[in-house]
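**Student:** One structure, as structure tokens, below. Some questions next.
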Amino acid sequence: MTEAEANVILTTALTGILLVAVMALLCYFTCRLAGSVPLEQEKDPKFWNTWAQRTLKNALTLQELNKNKAKNLILFLGDGMGVPTVTAARILKGQLNGQSGEETQLEMDKFPFVSLSKTYNTNAQVPDSAGTATAYLCGVKANEGTVGVSAAAVRSQCNTTQGNEVTSILKWAKDAGKSVGIVTTTRVNHATPSAAYAHCVDRDWYSDNEMPVEALQAGCKDIARQLFENIPNIDVIMGGGRKYMFPKNMSDVEYPNILKQSGTRKDGRNLVQEWKKHYVWNKTQLLSLNPNNVDYLLGLFEPGDMAYDLERNTESDPSLTEMVDVAIKILKKNPSGFYLLVEGGRIDHGHHEGKAKQALHEAVEMDRAIGRAGLLTSDHETLTIVTADHSHVFSFGGYTARGNTIFGLAPMLSDVDQKPFTSILYGNGPGYKVINGARENVSAVKYEGNNYQAQAAVPLNAETHGGEDVAVFAKGPLAHLLHGVHEQNYIPHVMAYAACIGQNREHCMSPSGSAGLRPAFSIVAVILSAAGLLC
């Protein structure tokens with residue numbers, strides 16, 4: 001090394017240390033201001049100008065793009081987490097911490113790059129979770145109700161499966177030597193996770209018990225079976241869905257006297273027993289594991305979907321954050337890196353039931369999991385994306401005052417029926433109620449209860465999805481490729497390109513045979529990552 005080169009390295013290092021110190025101070029004051037904003041300060045234009053200038057300086061640091069090769073890939077999928085849900089969850093998070101809420105930052109809010117994703121299915125303007133999962137996991141848009149197959153496959157028609165299978169980024173990562181994992185609060189064979197490993201023309205074929213005889217005779221396989229057969233040795237699988245893995249009527253380990261929780265499989269197979277690797281079914285077992293001694297883990301914590309976080313038995317059921325923590329600690333041992341799919345799946349269920357409080361608490365819990373993942377990984381080598389599969393017809397409005405509880409009433413009565421109304425409303429759903437020929441008076445009910453069903457404009461047994469674009473938050477190597485408005489199936493192509501897996505490998509090799517992308521080590525990247533942790 002020449003003296004000039006040594007001086008350059010020394011200067012860069014000193015500059016980096018100074019940058020960390022400056023950013024730490026900026027982060028400290030920004031977080032202090034964002035966490036609790038005195039009303040008097042807000043009256044002074046200087047407060048807002050200073051805050052904006054500070055944000056601008058932070059934004060200018062992003063001009064040095066992270067072009068490293070992504071060693072690790074994490075996709076957080078908030079099922080049904082449209083933009084109104086993100087905003088309302090932000091306010092709830094702040095209010096749970098004793099703040100007014102609006103000025104709070106979610107973990108995903110801190111991601112430097114945000115874009116929009118167009119969610120329609122090939123045959124649906126307003127999509128479902130199966131066709132969208134095929135898009136953001138397999139890279140191709142598909143028909144509603146189908147997973148891991150192209151749009152040439154027709155829902156429920158078994159004979160359209162063969163030849164139309166498409167593979168997912170989880171498989172691309174596994175084939176590249178990475179460890180892979182799935183963590184969800186729904187059944188592990190539900191729509192979102194199943195697109196990572198299954199090829200099925202009907203998302204509801206959870207086990208052979210739910211399949212028509214003709215489909216079984218034609219050779220189609222249920223989704224639970226495909227979980228263990230299609231991609232052998234998925235390293236980590238955690239969520240619900242226990243009953244679909246056991247023989248029909250076999251008693252559940254946790255609910256032995258409840259028939260509906262018993263096994264469903266008609267073929268008599270015990271898929272958990274066939275797994276022959278580490279299996280846990282409760283929180284105590286999970287948290288007693290030493291991740292250094294576990295290479296493969298199957299955790300099935302409920303017969304069906306896991307409980308809402310507000311109703312979760314904290315003694316027996318792990319939180320999403322706890323599952324993510326264990327998953328990453330196991331997966332990160334692989335020197336080649338990992339791919340992890342994390343689904344906050346019950347955001348969607350809360351909205352379908354018109355239970356906004358359940359949905360928003362699910363979103364806040366997923367945000368906690370995002371924060372935990374950030375602490376266990378480094379932005380200079382880990383591409384993390386947070387997005388949704390679709391939105392819901394959920395909204396909040398009514399000119400509520402600053403700091404109004406997100407589950408509270410609007411400040412005025414309707415000027416039509418002279419009754420109060422909650423800020424949160426649904427376009428349709430089970431919350432539609434007419435009493436004596438008129439809209440229900442919400443002041444007579446517990447509208448802040450966990451299971452209150454917010455009023456809806458149109459009566460339906462289950463509220464529907466929304467069709468608008470959803471946000472995509474990104475940080476880490478090549479996160480800047482997620483910009484503007486894109487088709488939803490673009491997402492896994494970016495992730496694969498950043499990690500040099502799947503069909504995106506040519507750019508990773510220079511004519512000399514060395515990697516074209518920078519290895520995941522750069523002084524600037526480490527500095528920015530360290531500064532991010534300080535914030």
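Cβ atoms are placed via backbone N, Cα and C, with glycine included.
According to TrEMBL:
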TRANSMEM  6-29  transmembrane segment
BINDING   D79, D348, H352, D389, H390, H465  Zn(2+) binding site
BINDING   D79, H190, T192, E343  Mg(2+) binding site
ACT_SITE  S129  active site, phosphoserine intermediate
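How about a rundown of where these features are and what they're close to?
**Tutor:** H465 (Zn(2+) binding site): 23 other CB atoms within 10 A of its CB, across all protein chains.
Around T192 (Mg(2+) binding site), the C-beta neighbours below 8 angstroms that are at least 6 residues distant in the chain are L77, D79, S129, A133, T184, T186, L341, E343, G345, D389.
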**Student:** Relative to the Cβ of H190 (Mg(2+) binding site), which residues of the same chain, six or more apart in sequence, are found under 8 Å away?
**Tutor:** S129, T184, R203, Y206, G239, G241, D305, G345
**Student:** Under 8 Å Cβ to Cβ from H390 (Zn(2+) binding site), same chain, six or more residues apart: give me those in sequence order, or none if nothing qualifies.
**Tutor:** G80, G82, T119, V126, P127, D128, S129, T132, H465, G466, G467, V470
**Student:** Please list residues from the chain of H352 (Zn(2+) binding site) whose Cβ is under 8 angstroms from its Cβ, counting only those at least six apart in sequence.
**Tutor:** G80, H392, G429, A462, E463
**Student:** List, in sequence order, the same-chain residues at least six positions removed whose CB sits under 8 Å from that of D348 (Zn(2+) binding site)?
**Tutor:** D79, G80, S129, A359, H392
